[in-house]
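Here the structure is laid out as structure tokens; the discussion comes afterwards.
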Amino acid sequence: MAEQPCLGPPTSPAPPNPRAHPRDKWSKKMDFLLSVIGFAVDLGNVWRFPYICYQNGGGAFLIPYTLMAVFGGVPLFYMELALGQFHRTGAIPIWKRICPLFKGIGFAICIIGLYVSFYYNTIIAWALYYFYSSFSGTLPWASCDNPWNTPDCTNYFGKSNVTWTNFSRSPAEEFYTRKVLEIQKSGGLYDIGGIRWQLLLCLFLIFTIVYFSLWKGVKTSGKVVWVTATLPYVVLLILLIRGATLPGAWRGVVFYLRPDWGKLLSTAVWVDAAAQIFFSLGPGFGVLLALASYNHFHNNCYRDALVTSAVNCLTSFLSGFVIFTVLGYMAEMRDVEVEDVARDKGPSLLFITYPEAIANMVGSTFFAIIFFLMMITLGLDSTFGGLEAVITAVMDEYPQVLAGRRELFVLGLITVCLLGSLSTLTYGGAYVVKLLEEFGAGCSILAVVLLETIAVSWFYGIQRFSHDVKAMLGFTPGLFWKLCWVAISPALLAFIVISSLLDQPPLTLFDYQYPEWSISVGFLIGASSFICIPLYMVYKLVWTPGSLKQRLAICIRPEKTTRAPQAEGVGMAPVL
């Protein structure tokens, strides 16, 4: 049964039919662009990029970062958008049309998406707790006069005779560790303790927002992102202007951008640059496939890839100024070097360092409210994208069962995510978050992207893929893109995966050293998603009839070579 033409509105509403359920489409082009930007621009742009940049040579780091974006990140971003738009299906069933042997990639992507949802939404819940706590005349992390503070609490703002030692703890740090997390009640991963009901309530509210944003598909999520994807830019601009007017701000900016050219000779810097751009743009999570699958067939996904990639990279760069103007201010107040203030990384940068500076600004309550509102919105639209990838993949794979039952399926998925997050809401939940963040979507997602690129470029064939792009856009991808897809991007990904596996620094959080068994558990978590790929390959080869050579020939040949081209008003023959 042909779909309704997408070049104009349907002539009459088609009745629901589980065998040929009409696919949703974006109401407006901007709904799609904002959804992609919202997914790609997340909390990592604010905390990860500035830290990695100054750690790896400041302004000099922008050279490997740009090169990795041009030769690795953007080509794969473009590839995923084109695949999703052409085949118009999710991350699991799309492999029938590309290379059935690699269908396990789709299942691996869904498992990784679940692991990310188990910890990522807890970080948003922490931000919601801070957001609620910000509605007070005096911010609760502004002084050492609270029940949760210890004798080590040292408030140096506005005081000239305070000595900062290695044992000193700022009010903001103690609020985060002893009030929000209550991590002092946990003995580590051996004893993570009970659930913090306040954080459970925050997470429940987050998942409620996520559910009602996703339950009707892109028609609802496409509207919500007009707020969640644009608000962070307004807040970043306000915080940048405020940060630039603080005493000592220039010290932070100099520290952020001062080039250390010697760092470029280090392999680790190039690995960090490549990892940052891949995790930032997000190919391999199935999100770009899912979001692009709701596009019109002739949408210019090439231009979309360039625009959204540029916006993402520029946002990361801008965030560095927002963060480091404030770090310069704190160094000025503590009378120490910026380097000593900028030791916090990851969530600590957003929950300790920045709130500490905000607490000592004029209008601290206002700045705290907008900062944590920005963090919530940055996190939410990335969650929308991550879960939409899982929803689209599973619903497209099992349309007979799930067609017309999206609301129930999304409710079930959100419930699974909430239950999977419970361990991160305990007193030792921060330890679990760190473990999942490190292993849930680390090497495994990079390996998945590597295999995805190989499957499309080498097995499906770069000429066939280029023909698909030409059918949509009217022009064939240039030699540069083909070279990147066939050789350069896979080589970069292989380089990062091998380097990451060979170089495993010890895992620590605050003063806690992760035990050896927890690292083994982490590797098992990472392997549990990736193992779907070889397992499915074995399953497919065993159940396909014929000799081994015949089986291989069948399993690498697309089962469906085109996607109902008559529905789009273009005539395309199968490309063999």
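Including glycine, each Cβ sits where the backbone N, Cα and C put it.
All TrEMBL annotations are machine predictions without curation.
Among the features that TrEMBL reports, region 'Disordered' is placed at 1-23. Taken from TrEMBL, the feature compositional bias 'Pro residues' covers 7-19. What TrEMBL records for 32-50, 62-83, 104-132, 195-214, 226-250, 270-294, 306-331, 357-380, 408-433, 439-462, 483-502, 517-539 is transmembrane segment. The Na(+) binding site annotation in TrEMBL covers GLY38, ALA40, VAL41, ASN45, SER280, ASN312, LEU378, ASP381, SER382. Per TrEMBL, the feature disulfide bond maps to CYS144-CYS153.
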Residue with minimal Cβ packing [other Cβ atoms within 10 Å] among the binding-site residues SER280, SER382: SER280
Stretch in 195-214, 226-250, 306-331, 408-433, 439-462 most in contact with the transmembrane segment (104-132), if contact is a CB pair under 8 A: 408-433
Inter-residue C-alpha distance, CYS144 (disulfide bond) and LEU378 (Na(+) binding site) (nearest angstrom): 30
Annotated stretches the transmembrane segment (439-462) and the transmembrane segment (270-294) touching (3 or more Cβ pairs under 8 Å): yes
CYS153 (disulfide bond) and SER280 (Na(+) binding site), distance between Cα atoms, whole Å: 36
The transmembrane segment (483-502) touching the transmembrane segment (62-83) per 3+ Cβ pairs under 8 Å rule: yes
Same-chain residues near the transmembrane segment (226-250), Cβ under 8 Å, at least 6 residues beyond its ends: 30-31, 34-35, 37-38, 41, 315, 318-319, 321-322, 325-326, 328-333, 357, 361, 367, 370-371, 373-374, 377-378, 380-381, 384
Which of 32-50, 306-331, 357-380, 408-433, 483-502 contacts the transmembrane segment (270-294) most, counting Cβ pairs under 8 Å: 32-50
Stretch among 32-50, 408-433, 483-502 sharing the most Cβ pairs under 8 Å with the transmembrane segment (357-380): 32-50
Cβ atoms near CYS153 (disulfide bond) (within 10 Å, other residues, all chains): 20
